[in-house]
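Engineer: This is the feature table in TrEMBL:
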ACT_SITE  K181  active site, proton acceptor
ACT_SITE  E188  active site, proton donor
BINDING   N101, S127, G128, G129, H184, N185, Y189, K259, R286, R444, H450  substrate binding site
DOMAIN    177-466  domain '6-phosphogluconate dehydrogenase C-terminal'
Amino acid sequence: MNDIGLIGLGVMGENLALNIGRNNYSLSVLNRTIEKTKMFMEQKVRDENIMPFYDIKSFVESLERPRKIILMVKSGEPVDNLIHELLPYLENGDLIIDGGNSYFKDTDRRIEELKASNVLYLGLGISGGEYGALNGPSLMPGGLLETYKLVEDILLNIAAKVDSKPCCTYVGDDGAGHFVKMIHNGIEYGIMLGISEAYNIMRKGLMLSSKEIGDTFKKWNDGELGSYLMEISYKIMYHEDENNNRPLVDFILDKAEQKGTGKWTSITALELGIPAPSLTAAVDGRLISHFKEERIKLSNVFEKKKVNLSLDKEKTIYDLEKSLLFNQFILFSQGIWLINEASNVYNYNIDSAEVLRIWKGGCIIRAKMINFLIEIINEDRENINFLNNKKSVDFLLGKFNSTKHISNIAKDLYIPALIHNTSMDYFLGLIEENSAANLMQAQRDYFGAHTYERVDSEGIFHTEWE
Ligand code: 6PG
C-alpha cells in the first residue's frame, strides 16, 4: 500500500511526485495519457518509490487508508470531472487534495458538495514553478484543520525551508489556501509588470543594452530589491539566443499571456469592495500588450513630438530602484488587505503574517522586503490595511519623489508606466483628507436623487438641483 497518490503528470505534477518520492514517501501515479506515465517512469523516476497505474480503480486500491490523492490537473472542469470519476472508489474519510490553481469559490463549493459523500477535500495552493515543485515549493493548504492534519507531515517535508522552517502553514478554512494563492499570483503579475516597466525605461530612455540592464537588475537583486523575480530577470537579460548570440529577450513577441488568476484577484477585490488598483493594472498591462496590431498602427502618433531626453543615468537608475520598492510595497499591501478582508468576510481565519512567512521561500514572489512587511503586521495585528501604519507611510514617502521622477520620465518618453502611476495614485488617494468624491455625490443626487451626507450636520440629504 502506498502513502499517497498523485493524478496529473504535467510539469508541476511530475516534479511534485519526484519531490514526494525523494522525501521517502511511497507514491502511486496516474495520468490521463498512458504514454506520459510510461515516459515519466522511464525518464524521470530513479530510486524513488513511485508506482505507475493506468486505471482509477487499481490506482485508488493501491493507497493506504484514509486515501490521500493529489490532483495536479488544469483548474475548472477537469477537477470536477476527476472528482466525479474518483468518487465511486472512495470511502468515508478519504481525502482529495487539489494542487492546481483553482478558483477559491470552486474549492469552497467542492468542500461543501463532498460532505455528502464523507470525502474530505483540501485546496492546496502551490507556488514555485517547476524548480519549486521538485526542490521545495511554498504550500498554501486550506480546508478543515483536521483534513490538513492528515497530510501535514508530507506537506511540511516537501516544502521549501527558510531558517529551517517549512514554507507551509495551515492557511484557513474552505478555499482559503486557493484564495491566498490567487492573491500571490495577483502580486506576481504586479511585480513582473513593475520590473518590465523599469526595463523599458532603461532601454528606451537610457539606451542601455540588455547586458547593462542585466547588470543593474543584478545589483538591485543584491540589495533591498532582492527577489526571485529580480533574479530571473537579470538572468533573462544575460541569456543569448543560440541562433545569433544576441539577447533572446529581443526576439520574444511582446504579448503577455495569462491563465486567469490575476483577473480573479481583481474581480474579487471589486466584489469585496477593497481598492486594489495596482493589482488590476497588472492585468490591464497584459491585456494592453495583447493588442499588438492596434499598437503598431497607433505607434507613430507621437513621432514628431518625441523629445530627446538627456537623462542623468545614475540618478535615473537610483530612482528606478526606489520606485520599484515603492511599487512592490504597494502591491503587497493591496494583496494583504484583500487577504485580511476575505478572512473576515468569508470566515477563513487567515493569519496574514503567517502567509507572508510562507512566501519567504519557494514561491515566485519571495522577496527580501517580506521581513519588513511581517514587522509592520506584527506592530498592530488588528490593522487590516497596513498602509495605516507610520513605518509604511515613512517607507513610501521616502520613495515618492523617485517614483514621481520615473513616472515623468515615462511620460516624456511617451511610454506607459501603468503600475508605477497607479501605485502612486493609490497612495495619494489614501492620504488625501478631502477628496473630490463630494462632487460625485452631488452628481449622483442631481440625476438620480441618490442622496448625500453633509460634513456639517448629521443625516441624509437630497436637493432639488434644477
Ligand atoms: C507559481 C505561479 C504559477 C502560475 C504561473 C502562470 O506560483 O508557481 O504563480 O502557479 O500558474 O505563473 O500564470 P499566468 O499564466 O497567469 O501568468
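Counting starts with 1 at the first residue shown.
Using N, Cα and C of the backbone, Cβ positions are placed for all residues, glycine too.
TrEMBL: automatically predicted annotations, no manual curation.
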Engineer: For a quick check of packing: other C-beta atoms within 10 Å of the C-beta of H184 (substrate binding site), how many?
Structural biologist: 24
Engineer: Out of the recorded positions I have (K181, Y189, R286, H450), which ones have their Cβ sitting under 6 Å from ligand 1?
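Structural biologist: Among the recorded positions listed, not one has its Cβ under 6 Å from ligand 1.
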Engineer: Please report the number of other Cβ atoms within 10 Å of the Cβ of N101 (substrate binding site).
Structural biologist: 21
Engineer: Using all protein chains shown, find which of the recorded positions K181, R286, H450 scores highest when you count other CB atoms within 10 A of its CB.
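Structural biologist: In terms of Cβ crowding, the pick is K181.
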Engineer: Under a three-state reduction of DSSP output, how is N101 (substrate binding site) classified: helix, strand, or coil?
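Structural biologist: Assignment for N101 (substrate binding site) reads coil.
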Engineer: Using a Cβ-Cβ cut-off under 8 angstroms and a sequence gap of six or more, which residues of the chain neighbour E188 (active site, proton donor)?
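Structural biologist: Result: L229, G262, I364, I365.
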Engineer: Given the binding-site residues N101, G128, Y189, R286, H450, which lie close to K181 (active site, proton acceptor), meaning Cα to Cα within 10 A?
Structural biologist: N101
Engineer: Which whole number of Å gives the largest C-alpha distance between any two of N101, S127, G128, G129, H184, N185, Y189, K259, R286, R444, H450, the residues noted as binding substrate?
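Structural biologist: Among the residues the record ties to substrate, max Cα distance equals 49 Å.
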Engineer: Per DSSP, G128 (substrate binding site) is which: helix, strand or coil?
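Structural biologist: Its secondary structure by DSSP: coil.
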Engineer: Check the domain '6-phosphogluconate dehydrogenase C-terminal' (177-466) for me and report the mean pLDDT.
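Structural biologist: Mean model confidence (pLDDT) across the domain '6-phosphogluconate dehydrogenase C-terminal' (177-466) is 96.
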